[in-house]
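J.: Got a structure for you, written out below as structure tokens; questions coming shortly.
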């Protein structure tokens, strides 16, 4: 952690009730407070210019009234960071535009699955998904259990696509091929870092995570299958100090917040 300044940083947050419940937890408030960061709840129904003062705005709301509220605030306070730009966030709300950003990166041994439909698509990946959490310059990669592999014979009959509901039924019935979760190797850190830096630049976002799977047909290849804005950071190891350090970096101008 950096040395404390004499005056605490006032971070205003506007989140959905569910996000607030899982993110604004006592352990984060304590860690932030001990390091000169105060998190203050914003009333999104009232003008931001009548609240505060704030040194930074943290948000995850999507309605048009809130966007207008943010725009009015930003026009009067152009030097106050807003995490993140609503225009950049909107890219992730559409699956096609979301995964197009990965295709633009041109990183070796990475890609996205073929987009057949939103609800059908399947690639054998060893039953493991790698979740990469990003907060500014900080990132963490963790592995989680995923849908089980399906035999090549079944995949041929299904022509490579399968409704997720059917995959879940296969897992419950023991029809999927098993995976050795604990022995699964993590992706190369250099590759993860390259993806993080590329996506940050392309998306112009600071708070997001993305899911990566290892292609079952070629263990050297990785596929990005999902990207989310402001994910469940509480599931990330040591998230309190990571978020606190990130917010202090924003205040020290060590983070590019893009266009407000």
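Backbone N, Cα and C atoms are what each Cβ position is placed from, and that goes for glycine too.
Not my notes, these are from TrEMBL:
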type    : residues : note
BINDING : 211, 226 : Mg(2+) 1 binding site
BINDING : 226, 228 : Mg(2+) 2 binding site
DOMAIN  : 11-89    : domain 'Inositol-tetrakisphosphate 1-kinase N-terminal'
DOMAIN  : 118-248  : domain 'Inositol 1,3,4-trisphosphate 5/6-kinase ATP-grasp'
J.: Excluding near sequence neighbours, so keeping only residues 6 or more apart in the same chain, what lies with its CB under 8 A of residue 226 (Mg(2+) 1 binding site)?
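T.: Non-local contacts for residue 226 (Mg(2+) 1 binding site): 98, 210, 211.
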J.: My understanding is the cutoff is Cβ-Cβ under 8 Å with a sequence separation of 6 or more in the same chain; which residues meet that for residue 228 (Mg(2+) 2 binding site)?
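T.: The answer is 92, 208, 209, 210.
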J.: Within 10 Å of the Cβ of residue 211 (Mg(2+) 1 binding site), how many other Cβ atoms can be counted across all chains shown?
T.: 17
J.: What counts of helix, strand and coil residues does DSSP assign across the domain 'Inositol-tetrakisphosphate 1-kinase N-terminal' (11-89)?
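T.: When I sort the residues of the domain 'Inositol-tetrakisphosphate 1-kinase N-terminal' (11-89) into the three classes, I find 36 helix, 17 strand, 26 coil.
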J.: Just to confirm my parser: what is the rounded mean pLDDT across the domain 'Inositol-tetrakisphosphate 1-kinase N-terminal' (11-89)?
T.: 96
